[in-house]
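Remarks on the structure that follows.
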Amino acid sequence: MFNVAILGATGAVGQTMIKVLEERNFPIDNIKFLASERSAGKEIEYYGMKYKVEPVSEEAFEGIDIALFSAGGERSKKWAPVAVSKGAIVIDNSSAFRMENDVPLVVPEVNPEDVKWHKGIIANPNCSTIQMVVALYPIHQRKKIKRIFVSTYQAVSGAGATAIEDLEMETKARFEGKYYYPKALPTHIAFNVIPRIDNFEPNGYTKEEMKMINETRKIMHAPDIKVSPTCVRVPVYIGHSETVVIETEEPITVEEAREILSKAPGVILEDDPFNNVYPTPIEVAGKDDVFVGRIRKDTAFDNGLSMWIVADNLRKGAATNAVQIAELLIKYQLIKK
Ligand code: A2P
Ligand code: 11C
């Protein structure tokens, strides 16, 4: 049994982490819910018991075995070294450490063994990257992928609890003929789509897009794979969707891809377009798997395949993946007690 702390417990991902730990019956001795001063004293229920949220502090990490972080990059940079110095292993959902050479970046269905070389911090990848590599890695193992073209349709919950409120408030305001300007998103989201997630880099790509390039290479151990991403925010509460086109070195048929994906860990194939069967975010929200549909031969490349990938960004894209990493730590006996 382990002592667990969640930093960012009041946030959209933090709340989902609590649910996922409970659902998976994670072996917990003591649990601590940490957030900012603003939330101090708020109550959170876990297994029917009420716990008070504590403001994060150095002492809060005393005796903690596993710390799940989801309070933004700045908080991770500040508190992860503190938690590690107190003996905790940090599983960090932010982008703060993902590309550090001594920090494993792990998707349990793809590179579970990478947890073994951690030095205290293990990074949880970006949500849009996780769902893409869960679906593409099994294909890559059979037919090497050279190139990936991906466009995302990302839910507002990826930008946190305030962005969820933004979608609700702006939609209501529009129906009431009132004006509302989003607080957490860069422009209007109700009845709109936004071709910008995170800040722009000098090369014209956003940080979110660069994460999809760099994280994919690191997780799949495929430094040469080419990724061309465009990331878009859509007025959906939960569930990121992606159109993905791959080019493989060898030809691959639709039947082969379906066969591979029907057996792939963490993947559910929902691909019967003529009977209107394909995944959508509303149906996928609340589930832990990555759903794939619309697999078809791409018309622009000889060895090309197109598909549609959907997953719950708060679950497999964040909380579930983090808890699965914690389960790997137990499986490989990496937690010192
Ligand atoms: P709080 O609710 O006290 O602000 P989201 O991504 O949904 O916006 O959630 C962000 C999470 O990060 C929340 O739990 C939030 O707590 C937490 N957080 C934000 N700022 C800090 C901070 N300075 N110290 C600790 N936790 C923070
Ligand atoms: C979004 N993918 O949907 C982002 C959220 O690097 O962990 C996650 C940002 C990150 O807005």
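Heads up, the Cβ atoms here are built off N, Cα and C, so glycines get one too.
Whatever TrEMBL says is automated annotation, not expert-curated.
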Self-check item: Which of Asn313, Asn321 belongs with Thr10, Gly11, Ala12, Val13, Arg38, Ser39, Ser157, Gly158 in the NADP(+) site listed by TrEMBL
Solution: Asn313
Practice problem: Can you check which residues sit near Gln154 (substrate binding site), meaning Cβ under 8 Å from its Cβ, same chain, 6 or more apart in sequence, and list them in order? | Solution: Cys127, Ser128, Ile197, Glu208, Cys231, Val232, Arg233, Val234, Val236, His240, Ser241, Asn313
Quiz item: With DSSP, how much of the domain 'Semialdehyde dehydrogenase NAD-binding' (3-118) is helix, how much strand and how much coil, in residues?
Solution: 37 helix, 32 strand, 47 coil
Practice problem: Can you check how the pLDDT averages out over the domain 'Semialdehyde dehydrogenase NAD-binding' (3-118)? | Solution: 97
Exercise. State the count of C-beta atoms found within 10 angstroms of the C-beta of Arg233 (substrate binding site), not counting that atom itself.
Key: 26
Self-check item: The one of Arg98, His240 whose CB sees the fewest other CB atoms within 10 Å, among these recorded positions
Solution: Arg98
